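Trainee: In case it helps, Swiss-Prot gives these features for our protein:
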BINDING   19-26, 81-85, 136-139  GTP binding site
BINDING   T26  Mg(2+) binding site
DOMAIN    10-206  domain 'tr-type G'
REGION    19-26  region 'G1'
REGION    60-64  region 'G2'
REGION    81-84  region 'G3'
REGION    136-139  region 'G4'
Amino acid sequence: MSKEKFERTKPHVNVGTIGHIDHGKTTLTAAITRVLSTKGQASFTDFSDIDKAPEEKERGITIATAHVEYETVNRHYAHVDCPGHADYIKNMITGAAQMDGAILVVAATDGAMPQTREHILLARQVGVPAMVVFLNKCDMVDDDELIELVEMELRELLDDYEFPGDDVPFIHGSALLALENPEDEDKAACIWALMEAIDSYIPEPERDVDQPFLMPVEDVFSISGRGTVATGRVERGIIKVGEEVAIVGVKDTVKTTCTGVEMFRKLLDEGRAGDNIGALLRGVKREDIERGQVLAKPGTITPHTKFKAECYILGKDEGGRHTPFFNGYRPQFYFRTTDVTGVVSLPEGIEMVMPGDNVSVDATLITPIAMDAGLRFAIREGGRTVGAGVISEIIE
């Protein structure tokens, strides 16, 4: 019998803690690294190190985010935790740290609070596929019935936001006790139970290369005697020489054949997610294709002009607008590689949006862009970023 090969290629999953301020998100993050470090599955990261998270820029927006990593027997996890409420909102909207699943932390002493709701709603809008709940501070509640009540309330709340409230795993425990007693079987049990829950309940993300082919067009050249080449970075999937591709967005969708793929002036058989390539397109004129369009597997993406989106508008101190905007606001929406002008309509009852706010809007673009729910964009005025958004629903 041949010896089984050691596999170091565990599936990689991105998770993050969300929930109301002071409910224990950062303590839980520290506790996970502390408890897992007893078995060599993480290196311990101190609460204060997570709390003074470094700032990073994503789509022109500064966000403080702490990253830790750990592994279970089955998976490798990258875990994000944000110090401030505004950082969470910015993070979820810009996708700075894309989450395959979220750990919602709720203090049993408080139950669901305003930010609990806001984070669940955002997770729904930005397309976080699954969530597990860690009921924290259970040691501070004497009455088990109270804890059960909090859990029932939360399951209903999850249902309200279209997460399957009955199926979502709930783990009861105390992050602080686990952090302080990582070797104590009883006190650390909640952390191991949480790991088991995320392992089994959060679905493994489909790898970029397994998704249908898509490449945003960054530049177009014509090569005499060979035809037209579109260059860009393959966002997802694989393009093989000889395959049909659709040119989508801005104009009517056109189908053509990719007759060559080159990278660093070498001819290849295929281009894969992450590669910067030039795709040679049969029978396409230089003026038929432009930046802002995408090459995609035919039938997998369509152009649209109207959509609903969740947006974060930069504050004045972040280099954003100094004044509010109103219904009918006309900024540019920067999708992938290009700016498109659009008109914003605000929800009923909202008169204006102040710098630093987050808001759900309907937007109408003047030219159609290849899009699907989950696509992120920047909101710009004359080349300056004033906000960020993510499409929550396509209208037409």
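Yeah, the Cβs are placed from backbone N, Cα and C, and that goes for glycine too.
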Trainee: Taking T26 (Mg(2+) binding site) as the reference, which of C82, H85, C138 (the binding-site residues) have a CA within 10 A of its CA?
Mentor: C82
Trainee: Taking the Cβ of K25 (GTP binding site) as reference, which residues of that chain separated by at least 6 in sequence fall under 8 Å from it?
Mentor: T17, I18, G19, D81, V105
Trainee: Which one, 19-26, 81-84, 136-139, has the most C-beta pairs under 8 Å toward the region 'G2' (60-64)?
Mentor: 81-84
Trainee: DSSP secondary structure for T26 (Mg(2+) binding site), reduced to helix/strand/coil, please.
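Mentor: In the DSSP reduction, T26 (Mg(2+) binding site) maps to helix.
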Trainee: Here are some binding-site residues: C82, C138. Which one has the most Cβ atoms within 10 Å of its Cβ?
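Mentor: Comparing the binding-site residues C82, C138, the most crowded Cβ belongs to C82.
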Trainee: So how many other Cβ atoms are close to G19 (GTP binding site), meaning within 10 Å of its Cβ?
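Mentor: G19 (GTP binding site): 25 neighbouring Cβ atoms within 10 Å.
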Trainee: Using CB atoms and a 10 A radius, I'd like the single residue among the binding-site residues T26, H85 with the highest neighbour count.
Mentor: T26
Trainee: Tally every other Cβ atom lying within 10 Å of the Cβ atom of D22 (GTP binding site).
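Mentor: D22 (GTP binding site): 13 neighbouring Cβ atoms within 10 Å.
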